[in-house]
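*Asks:* Here it is, the structure in full.
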Amino acid sequence: MSNSGKLRIGILGIQGAFQEHKVALLKAHEAAKCDDLSNWTLDIVDVRSRGDVTDDLDGLILPGGESTTMSLFLKREGLDTVLREWMAKRRRVTWGTCAGMILLAENIEHQKEGGQSQLGGLHVTVSRNYFGRQVDSFEADVTVSSNTLTGSCEDDETCRGVFIRAPAVISVDDPRVKVIGSLTFTDRQQSVRSVIVAVQEENILATAFHPELTDDTRWHRHFLEMVKQNKTSI
């Protein structure tokens with residue numbers, strides 16, 4: 001088992017804040033200079049075509065955007081099949097934010113007419129635009145399960161979540177799925193409910209919000225740790 005090497009991360013670069021994800025990854029890696037992650041060099045590449053999905057890619061981020069448009073692009077370019085095969089091989093680590101969560105979900109509620117293709121792999125049911133339209137976008141504190149982000153917290157911790165036409169997980173459909181983030185939300189009828197906004201199923205991570213649009217790099221650090229652990233276990 002190697003304790004050093006290279007982590008090659010791909011970011012789907014067709015829509016959304018892919019540049020912000022890159023910046024956040026670099027900041028998270030730099031902040032880890034005092035521990036084992038600092039022994040690994042970080043290589044970040046854009047993924048826009050089938051040829052970008054190479055065997056030496058260790059992790060992938062699917063950023064936000066418009067999920068239907070993204071799924072149509074992936075299907076037209078043949079990227080959907082290639083990415084499914086890449087994800088299945090060695091159970092590679094994949095993280096979807098907002099629209100990326102929708103692409104990873106096995107089941108989608110409130111799809112557009114005719115449905116949409118998805119990558120799948122994450123055994124949850126997701127509701128598109130759960131919190132409303134663009135004008136209903138908001139920021140709020142997300143309660144995160146203990147040890148998810150820092151590895152040292154005994155109690156639940158919080159992070160700031162940016163929700164832009166965000167989805168939510170309305171059901172967990174497999175016991176392997178862990179709920180790692182939730183939000184207390186008051187809807188227009190003034191009903192208060194706890195909503196699932198972050199989950200992890202083995203090597204698949206999904207957040208309904210946008211950590212890349214905040215200064216908090218703990219989610220990107222968690223993703224890099226997942227990639228490192230997966231690579232060293234092979």
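One is the number of the first residue shown, and numbering goes on along the chain from there.
Any Cβ shown, glycine's included, is placed from N, Cα and C.
Quick caveat, the model's predicted, so the values are computed rather than measured.
The L-glutamine binding site annotation in TrEMBL covers G65, E66, S67, R128, I164, R165. Residues or ranges marked as active site, nucleophile by TrEMBL: C98. Marked as active site, charge relay system by TrEMBL: H210, E212.
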*Asks:* Determine, for the L-glutamine site, the additional residues of the same chain whose CB lies within 8 Å of the mean position of the CB atoms of G65, E66, S67, R128, I164, R165; present them in sequence order.
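*Replies:* Here the non-site neighbours turn out to be G64, C98, A99, I102, N129, A166, P167.
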*Asks:* Including all protein chains shown, what's the count of other C-beta atoms within 10 A of the C-beta of E212 (active site, charge relay system)?
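*Replies:* By my count, 27.
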*Asks:* Determine, using Cα-Cα distances only, which of these active-site residues is closest to E66 (L-glutamine binding site): C98, H210, E212.
*Replies:* C98
*Asks:* What number of additional C-beta atoms lies within 10 angstroms of the C-beta atom of E66 (L-glutamine binding site)?
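*Replies:* Excluding its own Cβ, the number within 10 Å is 14.
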*Asks:* Checking the active-site residues C98, H210, E212, which are within 10 Å of R165 (L-glutamine binding site) at the Cα level?
*Replies:* C98
*Asks:* Do me a favour and check the Cα-Cα span between I164 (L-glutamine binding site) and E212 (active site, charge relay system); whole Å is fine.
*Replies:* 12
*Asks:* At a 10 A cut-off on CB-CB distances, which of the recorded positions R165, H210 has the highest count?
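*Replies:* Max Cβ neighbours within 10 Å, all protein chains included: H210.
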